[in-house]
């Protein structure tokens, strides 16, 4: 039976990670399993920055964003010699199992440790929602709400000055944040990696929108990486329409903030089940939520899945562009 479990968060932080950590600690305590915290992700695992969770008030982090055990990117972990040191650091403390919370890069690290004999469970922690072995990743719902709040405020000032404003959101190739924030805010144009429009096409729509009586604002929601220079695109739209057009890149504000209620619930469920699966002797699996049920997928299979639900997102983006422009 598992006696000791370590927890680490890796890659980009996301709201809800603290809730997952809390659930792991509490569920493990229920079964007399000791938990250890690995500080600063795989970098900390390599450097031996591992401490018992005893004395930590995990409840105090339930409403905090980010990750209280911190995160880091450590590309050297792809090399076996670094992973071997990390494994030895776990074994020296008698730690038999590890829960890794992060995105696809974190999943790759978790899989390698599983292959080296460490019992490993991966949980999807990223705002991008690009781990498709789960309907929702930890951090996505909060980021979506953050974007909606920001765009609502941007709409206020755009309406005051009769402007078009382009808003770039994160997603790292996945279009979920752009599409669903665009739906929620009534963005007149949604452009993503799954549904692209040219500058001329956008300008035509903007011009038509402002021909409506009393129309005061147009919001264009754009996924990151669609355009290399959003300021330049905004300038081109302004030149084609004679409508003042600004560009706003929301950037890292999307990764911060207190987790939403749904986030806390999802993260708690996944954290609890990570312990239960390890207790059952399972390893090398990624947990997620599919149709509100906990689903387990081998990490290798999860990594092989497309990072975007392209066909669905493309259809929905076109459909809701049509609706929002009506």
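In case you wondered, yes, glycine gets a Cβ from its N, Cα and C as well.
Matching 12, 16, 171 to the ATP binding residues that Swiss-Prot gives (73, 74, 103, 104, 105, 106) identifies 12. Across the structure, residue 215 (ADP binding site) and residue 246 (substrate binding site) are spaced 17 Å apart at their Cα atoms. Around the Cβ of residue 74 (ATP binding site), a 10 Å sphere holds 21 further Cβ atoms from the protein chains shown.
Other Cβ atoms within 10 Å of the Cβ of residue 215 (ADP binding site) number 13 in total over all chains.
Under the DSSP three-state reduction, residue 74 (ATP binding site) is assigned to coil, being neither helix nor strand.
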